[in-house]
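> Pasting the relevant annotations from TrEMBL:
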{"type": "BINDING", "residues": "A:CYS84, A:CYS89, A:CYS133, A:CYS137", "note": "[2Fe-2S] cluster binding site"}
Amino acid sequence: MALAIPAELESKIDEVITHYPVSKRSAVLPLLHLMQHQFRFISDEIVNWVAAKLSLEPIQVLEVVTFYPGFRQTAPGKYHIRVCRTLSCAMAGSYELMDSLCQAAKIDRSHVDHHHPIAVSEDGKYSIEFAECLASCGFGPVCMVEDDFFEKVEPAKAGELLARYSA
Amino acid sequence: MAIQYISGKEPHAREKRLIFKNIDRVGFTPSIDSFLEDGGYEQLKVALKMEKSAIINEVKASGLRGRGGAGFPTGVKWGFIPPTNTKPVYIICNADESEPGTFKDRYILHQDPHQLLEGMIIACFAVNAKLGYIYIREEFPQAAIIVEKAIAEARAKGFLGKDILGSGFDCELYVHRGAGAYICGEETGLIESLEGKRPYPRIKPPYFPAALGLYMSPTIVNNVESLCHVKHIIQMGGAEYAKLGTPNNTGTRILCVSGDVQKPGYYEVEVGKVTMGEVIDVLCGGMKPGRKLKAIIPGGSSSKVLRADEKFKLKDGREIGIMDIPMDFDTMAACGSMAGSGGVIIMDDSRSMTWVINNLNNFYAHESCGQCTPCREGSLWMKKISDRIVSGEASPDDVDSLESVANQIEGKTICAFGEACSWPTQSFIKKFRDEMKGDCKPELVGEIVSDEGKVAAAGLAA
């Protein structure tokens with residue numbers, strides 16, 4: 001099935017490409033961001049579409065997708081959560097936060113590894129992964145839910161945080 | 001009228017707020033109107049009437065050293081563009097803030113984006129760059145929206161675009177978002193990323209960005225905070241700016257303090273005018289009740305750890321303790337570490353150093369780009385070995401193996417990530433060897449404790 005790109009998205013894509021007058025290839029990351037925002041993850045179809053749009057070989061797009069942790073190749077939950085794992089947040093309790101978020105969201109992280117960092121809840125509503133340093137080290141533990149950012153999240157209040165994303 | 005700050009977020013009396021003047025300021029918004037009311041873009045008007053070389057000379061005279069990590073003089077960097085150059089010149093603002101322990105650029109991007117734009121447009125004019133990118137890490141989605149809006153506002157007012165303020169100078173800036181890779185903070189990795197590729201750093205020489213950068217053209221990559229300083233250097237004049245701070249360590253810088261202190265946070269101080277002891281006891285309200293200082297990572301996670309009871313011998317012969325170290329570039333280097341990105345991580349006596357280095361080794365193993373074998377393999381081995389030590393399944397020999405792996409990465413990689421990932425391990429082992437060995441099982445000495453080790457010992461290919 002061909003990928004259905006909404007007209008508004010395609011015009012945004014065309015506009016973004018103009019930001020790179022020297023090389024269209026520079027638009028790979030921005031296009032992947034726009035596509036991931038729309039479709040939630042980067043499928044092979046999207047890789048091919050972006051490659052065609054920028055006159056690249058699909059591998060030139062795929063190698064970017066597989067390198068950057070910010071691009072996902074599988075579907076996340078409706079609300080994707082990232083918990084900072086790195087030192088200052090870990091000292092402030094980010095591992096405890098991860099555990100209590102998983103418990104509250106009923107997520108099993110036992111199968112997670114370097115190449116499959118994301119775990120999704122059974123109902124598909126939430127997904128979670130550890131992120132490396134989210135740059136708010138003085139106010140840990142910190143996490144992101146979708147594009148929203150939260151500081152000093154008490155592990156005991158994980159349920160309250162999730163309740164804000166219950167729709 | 002005195003500036004008011006949000007209650008509870010007032011600057012400390014020992015701070016000198018230059019870059020962070022408008023952070024947490026009551027009534028100040030990221031809009032261009034707020035910035036203009038505060039005298040914004042006046043320095044751009046001044047700069048556009050100056051000779052380009054005069055701007056570069058002011059920045060050189062200011063002594064400004066890059067605030068991203070390396071501390072290289074900004075004006076000198078700008079001066080590296082070959083005088084015979086005929087190619088287009090680019091400026092990239094490195095807003096990939098990702099060195100663990102560092103959290104300053106976020107506030108500038110969120111609360112005072114026009115300060116950055118004004119500094120960056122002045123920089124563009126000085127080096128004759130007509131196109132620039134602000135490379136914002138993916139994890140700052142709000143910042144990208146705010147800065148894009150600020151760019152649109154600046155363009156609408158004629159501070160960007162064609163013939164800026166009638167000067168004949170054209171300049172466009174765009175936001176470019178990263179995608180969650182620490183290595184994009186390395187300037188040549190960032191450039192590769194901006195070219196739409198994997199961010200594998202380029203080897204220097206020959207790929208010094210000032211000569212062969214973005215699209216193989218001269219490119220200046222500066223940190224957010226560094227570019228903000230440019231506006232203030234034009235305002236004050238380089239010589240006057242250089243009176244802030246201490247000789248060769250001029251200006252102000254934002255210290256980001258995290259870990260086991262009462263009041264972690266961001267503090268903008270004159271470089272070298274406060275000591276580590278004052279950072280902890282005065283700015284941050286001291287250690288947590290009943291706790292003692294154990295160790296400090298002084299300049300982002302890649303800087304070498306300092307132990308609380310160490311004595312440091314300075315060039316002038318003085319011997320100082322950890323609390324007496326002035327927060328500047330040169331003394332921190334003399335103490336065997338670096339001021340780096342300004343991220344100060346404080347650890348008290350409740351912390352296991354084995355656990356700390358294991359956390360960092362997990363970070364570096366995740367973030368190695370994989371281009372150079374010593375770093376790709378070594379960072380993973382450092383993670384595996386320290387995973388083993390932290391879980392209590394290691395032999396004391398493993399601490400020596402860990403150190404040997406680190407020693408085989410440093411100096412053997414294309415970019416400074418090799419040092420960034422080996423320095424923490426090297427310094428933690430050097431300074432806390434007994435503690436780390438104490439976390440191991442002495443009865444395992446001489447035993448092969450890992451599956452990989454068993455395979456290797458049997459002479460089988462893994």
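Backbone N, Cα and C define each Cβ position, glycine as well.
These numbers come from a predicted model, not from an experiment.
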> Listed in sequence order, which of the binding-site residues A:CYS84, A:CYS133, A:CYS137 sit with a CB under 8 A of chain B?
A:CYS133, A:CYS137
> According to DSSP, does A:CYS84 ([2Fe-2S] cluster binding site) sit in a helix, a strand, or coil?
strand
> Looking at the binding-site residues A:CYS84, A:CYS137, which sits with the largest number of other Cβ atoms within 10 Å of its Cβ?
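Neighbour-count leader: A:CYS137.
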